[in-house]
Amino acid sequence: MAQKLVAQGGETGDVWDDGVYDNVTKVYVGQGQYGIAFVKFEYANGSEVVVGDEHGEKTELGVEEFEIDSDDYIVYVEGYREKVSDMTSEMITFLSFKTSKGKTSQPIVKKPGVKFVLHGGKIVGFHGRSTDVLHSLGAYVSLPSTPKLLGNWIKVEQNGEGPGLRCSHGIAQVGNKIYSFGGELIPNQPIDKHLYVFDLETRTWSIAPATGDVPHLSCLGVRMVSVGSTLYTFGGRDFSRQYNGFYSFDTTTNEWKLLTPVEEGPTPRSFHSMAADEENVYVFGGVGAMDRIKTLDSYNIVDKTWFHCSNPGDSFSIRGGAGLEVVQGKVWIVYGFNGCEVDDVHFYDPAEDKWTQVETFGVKPNERSVFASAAIGKHIVIFGGEIAMDPRAHVGPGQLIDGTFALDTETLQWERLDKFEGTPSSRGWTASTTGTIDGKKGLVMHGGKAPTNDRFDDLFFYGIDSV
């Protein structure tokens, strides 16, 4: 059964619907003065080739053809929609199609107007509106009947005095408790420096008692991880772009310790990524005082020393808002933002101090940043994120998306896990961690920024039933 994705664009023109087929085999995109003049698709229906109608009108500006290999399929479409000239309704001004094997109809470039994405599985049909131009485009998406990484989302009941509405904060789990630190309600205005603790047995929040070197700044864009019974938090900034250093919090004694002052550790930053294994805490990327960062640093909790990992190379771009997870001894960097969203995937091998870029395939999520992520066995699970920056940067909401995807780090294949229902709403700038609730391991996600620029206060868990 195929899922119909709502057409993106204007509401002018004749409605057309090509229907659902086994696969899309060829795409024709006609260029016009202001954008896309027409589209036409060819489909496979069993052994039969079905040639669809032209939607819009040809011009003398040429037609681009994109042929899909017989063992491949389209997994997402990116485009831009905009009111142009004296039009009263939006038209489609740019389209790019990408397949499961990474083949792209044309490079995806930033354009004026509003970016949109059609994604979530194997695309098996299209629909939309057109006059003498293409006004809107939607798709039909087919999903595998049962994902290899089977699970489901639950909304966790919350009681007590919790973090409330916020985004750009950090969470981590120790035993049967989830901790939350930092964040904002109003853009660029940190809320507090309380350490909130959620008891999974009572489903109740409280504020943890704090002694010792309590972080001196209330901060946003902070990250936090746990190793054993200890929390580690690094960076984050206040409203004047002053930064926090590197701290630990002993959950058995409720004591903060300043491990590395801000001027002595890795480059001060916010909106970076953190991960940990049994002996090391990793800090990657983020936004410094002058520019984004692409370095990876590790802190050995036994030796209490920092190690500056090798440079990932010139082809690896600076970025913030990336996914960072440790899987089977390797440190994985997934996607992020370098001025625009990117979709490259790399891993770092601590044993060899070496970087490797990998090519992933399958039902691949489109470029995004500031998404939720977790490591579950050999998989990296992600949810949501931002697909296009707001013109007002962090002050605005940006274009946010939903969708739960998993990357198998052994086969390098992506799959979509949810099926467009029972899923948290679109969001980004969430706090997330790998966690265990009611005996299941999965992705824990709290809060985040909504497409309306409001903040969420909900707590969700994607629990894995089988791997």
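Yeah, the Cβs are placed from backbone N, Cα and C, and that goes for glycine too.
Annotation comment: Swiss-Prot describes Arg237 (among others) as active site, proton donor, evidence class similarity to another entry. In the three-state DSSP scheme, Arg237 (active site, proton donor) falls into the strand class. The number of other CB atoms found within 10 A of the CB of Arg237 (active site, proton donor), across every protein chain shown, is 26.
All chains included, 20 other C-beta atoms sit within 10 angstroms of the C-beta of Arg292 (active site, proton donor). The annotation active site, proton donor is assigned in Swiss-Prot to Arg292 (among others) on the grounds of similarity to another entry.
Per Swiss-Prot, the feature domain 'Jacalin-type lectin' maps to 2-143; the stated evidence is sequence analysis.
Looking only at the repeat 'Kelch 1' (177-225), the predicted model's pLDDT averages out at 98. The repeat 'Kelch 1' annotation in Swiss-Prot covers 177-225.
Residues or ranges marked as repeat 'Kelch 2' in Swiss-Prot: 230-276. Under DSSP, the residues of the repeat 'Kelch 2' (230-276) split into helix, strand and coil as follows: 0 helix, 23 strand, 24 coil.
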The domain 'Jacalin-type lectin' (2-143): DSSP-derived helix, strand, coil residue counts: 0 helix, 85 strand, 57 coil
